[in-house]
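Undergrad: Can you keep this structure in mind? I'll have questions shortly.
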Amino acid sequence: MERYQELTVLLLLLLLEGGSWGAGHLRPLCRPTNATLAAESDACPVCVTFTTTICAGYCPSMVRVLPAALPPGPQLVCTYRELSFSSIRLPGCPPGVDPIFSFPVALSCSCGSCRLSHSDCGGPRARPHLCTRPHLSLHLL
């Protein structure tokens, strides 16, 4: 019985630490990180790939093992704490088509509920920078 109590205490400590002690090197915690993304418009002939700062990484979460009368708890995602917006101009757009593509730039990140106003909460994409049109690479300063 004493061994069971020791294991329970160890499990609780790991959960309180968000599992970061055991998985710190395998799963980077939520933080700003550089990523290459794509911008394109149906009306413009060129896709532009650019590097910006996004929020990415591991957020601790828990799933109830036993059925409960309570609703499931919220699952946290790595999302923007502070952000700014930047814009690029898509080249070659015909007159009357807005060539400006705006996107969020992560200044700081935190684990929280997903806000669809400025986040894609669908999980990681295999190739988020994939263009369907000919593309140019843009280097932002």
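If you go along the chain as it appears here, the first residue is 1 and each next one adds 1.
Using the three backbone atoms N, Cα and C, a Cβ is placed for every residue, glycine included.
Relevant sequence annotations retrieved from Swiss-Prot are reproduced here:
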type	residues	note
SIGNAL	1-22	signal peptide
DISULFID	Cys30-Cys78	disulfide bond
CARBOHYD	Asn34	N-linked glycosylation site
DISULFID	Cys44-Cys93	disulfide bond
DISULFID	Cys47-Cys131	disulfide bond
DISULFID	Cys55-Cys109	disulfide bond
DISULFID	Cys59-Cys111	disulfide bond
DISULFID	Cys114-Cys121	disulfide bond
Undergrad: What's the number of neighbouring CB atoms sitting within 10 A of the CB on Cys55 (disulfide bond)?
TA: 24
Undergrad: Calculate the distance in Å between the alpha carbons (Cα) of Cys47 (disulfide bond) and Cys111 (disulfide bond), and round it to a whole number.
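TA: Distance between the two Cα atoms comes out at 31 Å.
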Undergrad: Taking DSSP three-state, what's Cys44 (disulfide bond) in: helix, strand or coil?
TA: coil
Undergrad: So which disulfide-bonded residues out of Cys44, Cys78, Cys93, Cys114 end up within 10 angstroms of Cys55 (disulfide bond), measuring C-alpha to C-alpha?
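TA: Checking each Cα against Cys55 (disulfide bond), the hits are Cys78.
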Undergrad: Counting across all protein chains present, how many other Cβ atoms fall within 10 Å of the Cβ of Cys47 (disulfide bond)?
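TA: If we count other Cβ atoms within 10 Å of Cys47 (disulfide bond), we arrive at 18.
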Undergrad: Sort out the sequence-distant neighbours of Asn34 (N-linked glycosylation site) for me: same chain, 6+ apart, CB within less than 8 Å of its CB, listed by position.
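TA: The list for Asn34 (N-linked glycosylation site) reads Thr51, Thr52, Thr53, Ile54, given in order along the sequence.
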Undergrad: Consider the disulfide-bonded residues Cys44, Cys59, Cys93, Cys114, Cys131 and say which one has the Cα lying nearest the Cα of Cys30 (disulfide bond).
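TA: Nearest listed residue in space: Cys59.
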Undergrad: Quick check: of the disulfide-bonded residues listed here (Cys59, Cys78, Cys109, Cys114, Cys131), which one has the Cα closest to that of Cys93 (disulfide bond)?
TA: Cys131
Undergrad: So what sits near Cys111 (disulfide bond) in its own chain, CB-to-CB under 8 Å and at least six residues off in sequence?
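TA: For Cys111 (disulfide bond), the qualifying residues are Cys30, Cys59, Pro60, Leu76, Val77, Cys78, Thr79.
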Undergrad: Helix, strand or coil at Cys109 (disulfide bond), per DSSP?
TA: strand
Undergrad: For Cys131 (disulfide bond), identify the closest of the disulfide-bonded residues Cys44, Cys109, Cys114, judging by Cα separation.
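TA: Closest candidate to Cys131 (disulfide bond), judged by Cα separation, is Cys44.
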Undergrad: Write down the Cα-Cα distance for Cys44 (disulfide bond) and Cys109 (disulfide bond), rounded and given in Å.
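TA: Just about 33 Å between their Cα atoms.
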Undergrad: Output the one of Cys78, Cys93, Cys131 that, of all these disulfide-bonded residues, has the highest number of other Cβ atoms within 10 Å of its Cβ.
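TA: Sorting the candidates by Cβ neighbours within 10 Å, the top entry is Cys78.
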